[in-house]
Every structure is written in structure tokens, then in C-alpha cells.
């Protein structure tokens, strides 16, 4: 190892100008490509496409539309829609939405859609027509009255018109492929158009516009995510102040920050080179990379500074720091990289992107902060003034380190381990209450007070519809909707599901056919039943168009749509379990009830994928960390000393999630892995010094004291700096950034404490015979 | 499946009409006790419910074999287990006896307030529903339904016998049928079987049986429905209920807000109800007023004396007061419970309060 180190040291430090030149060129190149980086959001990235539910979803998406829809509620602030201005606005909104690029024009529905029709039963049979007649004149009160009557006959109150007649709805399905460019739809551009062309144009003191749907949500997230730049700036400033406070040198402050920013530039540049965009949900990753970079940079300036104070020349000090830190720093960053890479096993596009983004970002830090930084530092002139600042402080800090080092005294160590075990037990019990999925109504990425969630609440409040629905797809033989047996099975299944707690209402071709059959019998509800007679059944079904979304062209596929009270994980699980239980009663070789489509179907699949990924992810992350520790320390005891505190902290973080009511979702799942990846750094730095001393036969306490003197301040400082930087996210406009900020702050601080309090205590117990006496035997002075 | 096991081995080779004759002549007992088959639904009180009857306790029936029962003046309904989950359109309660009737030409009976049930009739292949059932006493009853479906029992439902009443037809149809009868008796029977109007309701009052049904059918029988006299009427929409107010005055209601009155067996008079909602049920209240309910949540309170006071065609002055159930659910009928009325609707049991 040291041979390679020496070789690399010579190679790099003998060609300092060349190295800097290469880094400069790469940075300029990647800066250019980073400037091309785009925010990139897509619906499908957020779903586990290989999950069986999603296979069903993809298979039938053509016929029934996807889960990617947009709901625009146009509301009259006076509380009554029947006026000229409202209907004119509604028509404009309908037309405007129709022409927004990416909207499936065949599926734009509102009062003004030709498919919105009413039927009524008269003596001679049926009578009907469009709800808004072709000759509709919005200035005529009679015309408005007619529309009001037609709305009631069409039975669309609660769906297309709000229960209190204060709003009307325009809904649309979105395409996945941009029809103009043939490429994937730019969801964020579409969200911008919705905001500008609908709300911007038509919201005024008489009309309010409320837009919900995945595209709008992710657009709002992207807008909120732009605040990250501000947090980034704040974090840089805070970090700069703290680094300066730590090293008392402007130049030493500037260089680690510069190198960390270079790392971010490289990362963003590489993303573009590899053809990725930055998803709003993973916009925090560059920030994380910066923070990790700073933490390793601080170790570097710490080592260089200490060498200089000890009397070395700056060049030699930099060379020495490079040689000493390359291995622990490299191992730490490598374990971060591998830890993040393990997220690739999760079959959800956005988590894979996060894995690539984060692992790449951490990998480049190896170059920028372990190679470029010492090379740059070797040019810095640290005069006597600098040395004077630190002289005399050694004693004071030694007293501090001596106090901390008592953690590795036998009795203290035992009590620390016992307390840790107790915390672990409590945390474990609490973490078992971890809920999968979104725990709150509305979009979990956004705050409850956000416009998007307020719009969601308004729409779910004023209408009977909800965006929380799951479709069970009935697959059967062609023309099966004319079979009484099949329709009757669907009808019975639907009724069973309607009785499941959490299901608010249901609809299927069977339930609509029953109502139509009553219609054919003078509207007599005593005939609201499925006719056994095939011709009569055909007659009833023929009035239901395929555009209803209740059957496909040859009626071999018919969804049963279940509208849910909410999308909490336990509700979804209960409904999905009920589907699985009841369908066995009705299924045969020609008839199957497949899960699932609709927004909640997607959530069900995502929840299952996330839940299934949780354990493997932890196993892989810890597996990677353990393997790398074993390789670098070649000691099981050292590895255990690093990994045990890390595991306790990750369990405590899960407990914190349950206390804060943060569910395990696509966006929170990676946090634990990220926290473990970063948390391991502290332990590795401390133990790399300790294990050398221990191998020489020193006592745990003296080895630990040495490690503290050498690395302690940097570890302490890094933990606090990272935590302060990340804690600013609590003020983010995005709920998920806030959640992540809290969790990461917790993990940074507690992992740091774990490394300097629990690690030595465990080490003390593992090297139980290494009492102070050893030092005397070995003649080592601690 | 159980039902098939009970059928004689030759059952599947005989045609439907033959089967009816088999039923009528051999009196094959269809009744037997069967285990619970209906799904016990938490939402049973919110399901499609279609009829109610009261005799020391309330019974409400509806879709999927739903039958719920409650004590008088109680809001707690219990779902009963029935052997068949067919849509039940009518219920008649007499002492401890409950008869329910509905689709698939089904009649089920419980002799013990719903504890046990027997299937008295179930003919899915007939593709006809019963729409009403009425017992004069605990042995003699009739069940009526679509296309003039008419069955009678004199043994408490152990055997049900088909009857066809051509007199329920309107004069034009009778004329047409007589023509073909002269040529071909069997074609006449076939045609009669499909041309007879739906009998939507039968009402027993003052010793007479009244029928309301399709194509303007209003008929009265003096002999418990064995022969019928159809009233002449210049209206061919459907009637859904009939209510004698007293010995001389009758009210009938039906499709698209139809309200007709009759005094002293005279001509029926249309009264403007100012609603186009189909009216399903009319009840005579204790205070002598009429309560009419119908589709789209229509509730009409009618002051009887004003209604019959003359030819007042203006619905603001003819004694009618129209309101609407808040949910706008179609109301099949109402029953009195604890001094208030409960609506039996397409969305289950709802308090009869208008918005």
C-alpha cells in the first residue's frame, strides 16, 4: 500500500503544474456541459415499471389512459357558476387546455366536451343531447337555466360540476411522448404552460383556477427546488465561516471550498455527458456532494496545518497529508460510492438516477479533494503568523481530547455500550412502526399550505371525485360484456370491494349497465339489475362508449374503479389485500381481476417495491461498508467498532421517521443509505489512526487519544458543519426537502457522536485486555 | 347449484312453458331450507333498496338478496341471510311471515321473522321479475310482475300457480288478440304472454284489489284478483302506485310526474304535479294527507281536500308541495319509523328530509 502511495505521491507532486492543468481543462469542459444541464421530471421515473401491477398498468394504458392526468377546477368566487363570465371562462380554459402541447386531445372533458351528454327517460323511451347545446348563448338566462337542468339530468354533479355549483371541472390525460418532437414529454414545460396559460390568464377577482395532477405537482416541486440554490449559497457562506474559524487562514478556507465546488461541477457536467437531467426530487444531491467534499477537504487542511505547525514545509506537509489521507479518505469515499450504488437494485427510475448522480458525485471527490486539494495547498504560503495562531492551543485542546478519550476507559465504555444498547432497543421498537408510503393527504413532496395541496383539498372537498382511485383490470375473453356470468361476477366483486373500509365508491361497466337497464325500463329502479337476456344486456352496454374508460374495443378488458377515502399506505394495503382475497372467488380460466391501474394502483406498486427494497438496500449498504472496512483495516474488531454505531444510528433514524410521521417513500428511502454512506466517514478516519496504533500494541485509550488529537477536531468540525448546512433545509418550500434536512442533520450529528463516543467504547470492549498497562509494557507513551 | 340438485332429472329437457305447467300441475315442492348465501355487507343499508313493509317490525328489501329487519321505532337494522342473492323488488309481512319477491321470478318465504328461509319459486330462465307480492292472509297470496306475470298461492306459497289476465290489456290490444285467437289458439297464448303489461303494484283495500302498471294500466278486482276490470284512460304511460283515499276517491301516480285522481268510479283526471320526476310510491298519512315519493329525490306532500276540490291545474294552488331529497336519490317508497319517515332509496335508507 505504502509503495503505491509513495509512487502516486511522486507522480503527482513532481508534476504539480501538469496535474493542475489537467484538472483545469476537465473542469472547464465539464463546466460547459454542466451549463447545459436541465431539470428533468417524468412520471414513469417514479414508478416501479417491472412490478406486476405496473405491467398491467402499461399493458392497458392505451385503452384506459394512464394515471397521468390533469384536473383543472374553474371556480366562480361568487359561489354560483351560472353566469355569462363563468361559462365564457370555462370554455376558454377548455380550449386552452385542449391546445397545450402534450395533452391527449381526445380525452379533454368538461361541460363543453361533446361527450358530456345527458339522457332522460320520457314516455317514448330515451331523450338526450349534449349538456351544453350547440346553439348555447352564455348571455341568455334561459340558456343557462337549460344547462343547469341538463347538468342535473346528466348526473355529473360531483364529478364535472362541484356539489355546491361553485366550480366546474376540466380534465385531461397527458401523453408520454411529445407529439411535436417525438421525444419524451417535457413535464416541467407543460407544468409551466398550465400555470401561465390557465391560471395566469384566467384567474382574476371573479374566477379562481385550481390545477392538480402529477405534472402540476412536479412543476411546483421544481419551482420550490430552485430555492435549493439559495440554500446552497447559505450553506457555502456558513461553511466558509466555519472553515475559517477552524483553520484561521483565508487560503486554507478557500481551497477546500473551491475543490468541493469543482466536484459539484464535475458531477453535474458528467450527468449531462451521460445524458441525464437533474430530477427535482434529487436536486439535493449536488448539495450533498459539496458537503461531503468539504468534510474530506477539512481533513486535508487539518493534516496539512498540523504538519506545518509541527515545522514541516508546506510542500512536505501537503505531500505527507496526501500520503496519509489517501487510503482512509479513499476508502471512505469508495464506501460512500458503493453505498449509493447499491440503490441501483431498486427498480424505480428516480432512485436509480439518484444512485448514479450521488455515487458519481462522491467518486469525483476522490480526485478533487484527495488529489487536487493537496496539490493546490502545496503552493500556499503559511507563514509564522499562521503557526503562532495555533501555538499554545495544543494544551487546551489536549485537555478536551483527554476528557473525550475517557470514553474508552473500561467502566465508562461499559456504561456507554449499555446506554447505546438501550437506545438501540427503544429505537428498534419504534422503528417497527415505520409506515410505507405517503401518510398524509395531498402531495407529500409539498407542504400542506402549498397552493397545490390547497387546490387538492378544495377539489376533494367540493367534488365527490378524488384523485385517489385504483383500477382493478378485469381481463376476460372478447365480447364478454355480453355474458351475464362475467358481468355478474364483476358486479359481485365490485360490491365486495365497495364494502371494504377505505373504499368510498366504485364504478364499472356492470354498475353502469344496471343503471342503463333501469333507464330502458322507464327509469324504474326495480329494474336496476343486470339482465340475464343477452340481447337486453347488449342493449344496455351499447349505450356505454369506450371513451367512458369502462371497457376496451372488444370488451375483453373492463376496469373496476375503486375510489378511495385517502392514499395512506394502510388503506391501500387493506384494499389491495381485499382484492387479492375476493378475486379468488370469482376468477376462472377466462376471467381474471388484475391489479392495478390508476394513481393509487401506481402507489400500491411503489409502496410494495419500496417495502421490498428496504431490507436488501440496508443489507447491501452495510455489506459494502463492512467489506471495505475489512479490506482496509484487515481486522474484524475494527470493522465492528465502525459498523455497530453506524447501524444503531440508522435504526434511530428510522425511529425518528416514525415519530415525525415521515413514511418510507421513493424520496425518503435513499436517505438512510445516504446517511450511512456519509456517516461511515467519521468512523473510518478515527479508526484508521487508531488501528495503526493498536497494531503497534498500544492501549485502546492511548490509540484513541492519538486519533482524537490527529483527526478529532476535523471530525467534530465536519459533523457540525454538515449538520448546520443541511439543517437550513428545514426552511425549504418543499416538504420532502424539509424531511430530508431533518433526517440528514440527525444522521450527520448522531453519526459523528457515534464515531467519537460509541466507537471507542466498543473498541475498548473488543480489545478488552488492552488496558493502560500495555503502554508501559510496550514503552509507548500515549 | 343446490337448486339444480333439487330439480327432477328430466327438468333440463322440458321447455320453459312446459316447466310452468309442471309447476302448476305437479306442484313440485321447491321449498327447502338452505344455508346462508347472501354476503353480509357492512354497507347493506346504503345499497339499492326497493321496498319496505311493516307489521310489528320493519322489513326492507333490495338488490343482491338484501333483506334488513328492525324493531318498530328502531334505527338498528340487521341484515338477514337468504339462500339467493337476487334483486328483491317487493316484500309482504304478515305476522311472523315474511315473503320477498324479485328478479329471476323468485319468491322466498320466512315463517319466523327471517330466521329461516325457503325458496318457494326461482325461475331464472323465465327472465322475468316479480314486482309486487301481496298476501290476503297467511295462506292466500298473489305475486305480480313483468309482462303480466301473475302467480297465486292458496297454501302459503308451497305451490304457486300461474294465471294470465287478458282483461288487464288495453282495449286495442284485446281487439288485436281476439283476432289472432280466432286463427291460432297457441299463437294467441304466446302473444298474450309477451303483450301483457307490467303489473307494477297491487294494493288490497276495502275488500278490493287494485293494480297499477304499464301502458296506463289501472284496474280493480272485486274477487281478490281472479277477474279484473280495467279503467279506461287516455294515457299510456306507466303507473307505479295506487292509493284509495276513502271509499270514493282514488289517486294513482306514475311516470314523469303523472298524478291522476278519480272520484266515484268516474273518469281519471290528470293533475299537474309540476315535476317530471317519475313517481314511485304514494302513502296515506295519519293526518289524511298524501305523501308521494319518486325518482330524483322527489317528495310531494298533497293536501287531499285541495287536490279533490276541483280542476285546479296550477300546482301552487292544487294542494301539492314539492321538495327534494338532498341526495337526489331515487326514492322507491317510505315507511314510518319513530314518528318520522324513512325513505327507501337507490342509495339505501335515508331520513325523509328535504333540503
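Backbone N, Cα and C define each Cβ position, glycine as well.
Because TrEMBL annotations are produced automatically, they should be read as predictions rather than curated entries.
Annotation source TrEMBL lists domain 'SSD' at A:252-379, A:636-765. Per TrEMBL, the feature transmembrane segment maps to A:12-32, A:228-247, A:254-277, A:283-304, A:324-346, A:358-380, A:411-429, A:617-633, A:640-660, A:666-687, A:714-734, A:740-762.
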The domain 'SSD' (A:252-379), counted residue by residue under DSSP: helix, strand, coil = 111 helix, 1 strand, 16 coil
Do the transmembrane segment (A:283-304) and the transmembrane segment (A:666-687) share at least 3 Cβ pairs under 8 Å, sequence separation 6 or more?
-> yes
Among A:12-32, A:254-277, A:617-633, A:640-660, A:714-734, which stretch has the most Cβ pairs under 8 Å to the transmembrane segment (A:411-429)?
-> A:640-660
Same chain, outside the transmembrane segment (A:666-687) by at least 6, Cβ under 8 Å from its Cβ: which residues?
-> 46, 281, 288, 291-292, 295-296, 299, 328-329, 331-333, 335-336, 339-340, 342-343, 346, 348, 350-351, 354-355, 358, 362, 444-445, 606, 610, 613-614, 617-618, 621-622, 625, 629, 632-633, 638, 641-643, 645-646, 649-650, 653-654, 657, 704, 707-708, 711-712, 714-715, 718-719, 722, 736, 739-740, 743-744, 747-748, 751-752, 754-756, 759-760, 763
Six or more residues out from either end of the transmembrane segment (A:324-346), which same-chain residues have a Cβ under 8 Å from its Cβ atoms?
-> 1, 5, 8, 48, 292, 296, 299-300, 303, 352, 354-356, 358-359, 362-363, 365-366, 369-370, 374, 609-610, 613, 616-617, 620-621, 623-625, 628-629, 631-632, 669-670, 673-674, 676-678, 680-681, 684-685, 688
Using a Cβ cut-off of under 8 Å, list the residues of the same chain at least 6 residues beyond the transmembrane segment (A:358-380) that approach it.
-> 12-13, 16, 19-20, 23, 249, 251-252, 255-256, 258-260, 262-264, 266-267, 270-271, 282, 285-286, 288-289, 292-293, 296-297, 300-301, 304, 314-315, 317-319, 321-322, 325-326, 329-330, 333-334, 336-338, 340-341, 343, 670, 674, 677
Counting Cβ pairs under 8 Å that sit 6 or more residues apart, are there three or more between the transmembrane segment (A:640-660) and the transmembrane segment (A:740-762)?
-> yes
Whole-number mean pLDDT, the domain 'SSD' (A:636-765), equals 87
Contact set of the transmembrane segment (A:740-762) with the rest of its chain, CB cutoff 8 A exclusive, min separation 6+ beyond the ends, reads 284, 288, 404-405, 407-408, 412-414, 416-417, 420, 640-642, 644-646, 648-650, 652-653, 656-657, 660, 662, 667-668, 671-672, 674-676, 678-680, 682-683, 686-687, 690, 700-701, 704, 708, 712, 715-716, 718-720, 722-723, 726-730, 732
Same-chain Cβ contacts of the transmembrane segment (A:617-633) under 8 Å, 6 or more residues past its ends?
-> 327-328, 331, 334-335, 338-339, 341-343, 345-346, 639, 642-643, 646-647, 650, 669, 672-673, 676-677, 680, 684, 687-688, 691
Tertiary contacts of the transmembrane segment (A:228-247), as residues 6+ beyond its ends and Cβ separation under 8 Å | 253, 256-257, 261, 283-284, 286-287, 290-291, 294, 298, 301-302, 305, 713, 717, 720-721, 724-726, 728-729, 731-732, 737
